[in-house]
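What TrEMBL records for this protein:
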DOMAIN    27-186  domain 'Glycosyltransferase 2-like'
TRANSMEM  261-281  transmembrane segment
DOMAIN    263-377  domain 'GtrA/DPMS transmembrane'
TRANSMEM  287-307  transmembrane segment
TRANSMEM  328-348  transmembrane segment
TRANSMEM  354-373  transmembrane segment
Amino acid sequence: MTTVAQREGVTRAVGAPAAGVHPPHISVVVPTYNERDNVEELLGRLVAAVPVDTELIFVDDSSDDTVDAIRAAAEKLDVTVTVHHRAEATGGLGGAVVEGLRRAQGTWVVVMDADLQHPPDLVPQLVAAGDEADADLVVASRYVDGGTRDGLANAYRRYVSQGSTRLAKAMFGRTLAGVSDPMSGFFAVRATALDPAALRPLGYKILLELMVRAKPRKVVEVPFSFGTRFAGESKSSLSEGLRFLRHLATLRVGDSQLRMLGYAAVGVSGVLPNLVALQLLTAVFGVHYLTAAVIANQVAIGWNFVLTDRLIFRSRRRRSLWSRMGQFAVLGNVDLVARIPLLALLVGDLGLGYLSGTAITLAVMFLVRFLILDRLVYVRTSKPSPSVWETP
Ligand code: GDD
Ligand code: MN
């Protein structure tokens, strides 16, 4: 039965008391989202495979009774399990894994899915391989000799998986060198090589985030067969794919550069509504071209505002809509007025050509507007936001 306490994000231990006071050698972190029909099988097979003092942590964002299923299974098996049900599913799967990494006490933390696509009996082997090689990270790979990916639902999923792996490896050549499966959701990481607070994953690819941001010293791979789901449905979707692309971009160019690029793209896109409005006003409504230019510019500012506000600074909308919109409109109009004297200075006083002068004024004013928006209008909070683009 679903209780109120679960909804509030509590940690509870069920089953037998923890064995010993030493930190466990292995912690297993399992993110769950509506996996009620998988957890009993998973726990049974895990318990059979891992040392008795292994710490088992579930980070749950389910809307079904997965938490109760975990508790029931743990009681039957007489094993200690920690279930952290999050009241808010911040950061989705990636956020859940970071939460688990933060809570784990073990020397090694193994992250795995709940749907049995990741074989539980491999957990101790991953850790043993890491100990033996004195590595910081052990990746269970579908792409080294002996590994398979038969469990990927269809040719489309296989194609997407392969394509995204290639893309990531092309973008992060050196960091991912020697790792055949940076998209794997099954890995073991040494706790001392880990700073969960530095991780800001965007979506599913937590291993990629970890490799790029934490730069583990030594990485080894262990082959595995990515099986088929035991029960239930996959939670990944098309929007997960888009999130992956944003994740790559954020990892590559950094948050603020990505924002600036996005803001520039929005600015360029604003030329189109500007011209359309100008054409409509002069040709259809017979408005004088100068008046039309002023109005068309307001249309472009409106267009830019909607896109900038929704896409670029979505996660930083602290001020009211009216205040953001007002400040944005003032900036846009001041920009127009300020560009004229700046152009006069560059061309008249410094002797630059019209074209290069105009290009410089556009670039300078673009930067000034961006900085004002970034620093003054869309104020940051003290806490780093989970993502640049935060999807609704
Ligand atoms: N807590 C939490 N919150 N768990 C989640 C969420 C969420 O928002 N979304 C998914 N999960 C859990 C699922 O319950 C499951 O245990 C695990 O994350 C993986 O979800 P699936 O929906 O089964 O993902 P998949 O099979 O498509 O993708 C897996 O394989 C990929 C490789 O092809 C994942 O391991 C990916 O990370 C991996 O890249
Ligand atoms: Mn799965």
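For all residues, glycine too, the Cβ spot is worked out from N, Cα and C.
Remember, predicted model here, so these are calculated numbers, not experimental data.
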Segment-level pLDDT (mean, integer) for the domain 'Glycosyltransferase 2-like' (27-186): 93
DSSP-derived helix, strand and coil totals, residue by residue, for the domain 'GtrA/DPMS transmembrane' (263-377): 101 helix, 0 strand, 14 coil
